[in-house]
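Asker: Attaching a single structure in structure tokens format; questions to follow.
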Amino acid sequence: MEAIVALAFAFLVFPFSSPAQALSSNYYDHTCPQLESIVRSAVQKAMSNDKTVPAALLRMHFHDCFIRGCDASVLLNSKGKSKAEKDGPPNISLHAFYVIDNAKKALESKCPGIVSCADILALAARDAVAMSGGPSWEVPKGRKDGRISLASETRQLPAPIFNISQLKQNFAQRGLSIEDLVALSGGHSLGFSHCSSFQNRIHNFNATLDVDPTMNPSFASKLRSVCPAHNKVKNAGSPLDSSNLIFDNAYYKLLLQGNSIFSSDQALLTTPKTKALVSKFASSQKAFEKAFVESMIKMSSLTGGQEIRLDCRVV
């Protein structure tokens, strides 16, 4: 959930619909029974060509849900001077939109005008986790697509430089608990971050220290070699954990060792409750997976759309 966001901003909270808004696991059983297999096939095909697809889809779903609810607004293209969410600073590095396009195209040929782009994205994120060795779960369906997508609203996404107070506030505004915060942070089991998102920890940390003292020195040294102070390499960065193509609990183990990437990761160790949850998930893959599934279902039940888009990129 990498983001590049200035610290000073005001949160704009939009009225998400109730999690109970017409979502059900059998929503498409009669109108589009092939839905899940079609989405799974699109994710599988993309993964076979690009190992970064699972992380991209999981992050895309998270970034969608945190702005106006899970309404596929993150998929919309910018129009003229009106910049859409995908062109907001935290979303510039989002990719694999074509996976959703391909699934939508296949679904429109089988059951036209039935399945929302928001539901496709929620299912694709679940499949991305499951196909990376993580848990699977029954995705409640029935989301609608939104018509509004504003780059300016991406300031509401949790930033990698957030402290624990900012993280807790950000999640609480979406009805998500401290347990959800720590469990969903485990999504960093998959993925890669560019240098810009953790530069603050390895160069000019504060007036007296160059490197964040909470970092393992050898890990910090490794990151500094990949990301020098005046980095000019466009795609330089680091995997978010040591097994970044496999969905597991290594993220939490590394966090306890001082080998985390973001300030927002390290922040999870700064209160007794969040640290206890990190320790719990580090010691039990099963406990992490159970909590992650529950939090994903809760987060993905934030709804806010009104229609079914026939093209996920345009209203």
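Even glycines carry a Cβ here, placed using N, Cα and C.
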Asker: TrEMBL pairs Cys312 with one of Cys70, Cys111, Cys117 in a disulfide bond, so which one is it?
Answerer: Cys117
Asker: Ranking the binding-site residues Asp71, Glu85, Asp241, Asp248 by other Cβ atoms within 10 Å, which is at the bottom?
Answerer: Asp248
Asker: Please report the Cα separation of Pro158 (substrate binding site) and Glu85 (Ca(2+) 1 binding site) in Å, rounded to an integer.
Answerer: 14
Asker: Among the binding-site residues listed here (Gly69, Pro158), identify the one with the smallest other-Cβ count within 10 Å.
Answerer: Pro158
Asker: Just name the most isolated of the recorded positions His63, Asp64, Ser73, going by other Cβ atoms within 10 Å of its Cβ.
Answerer: His63
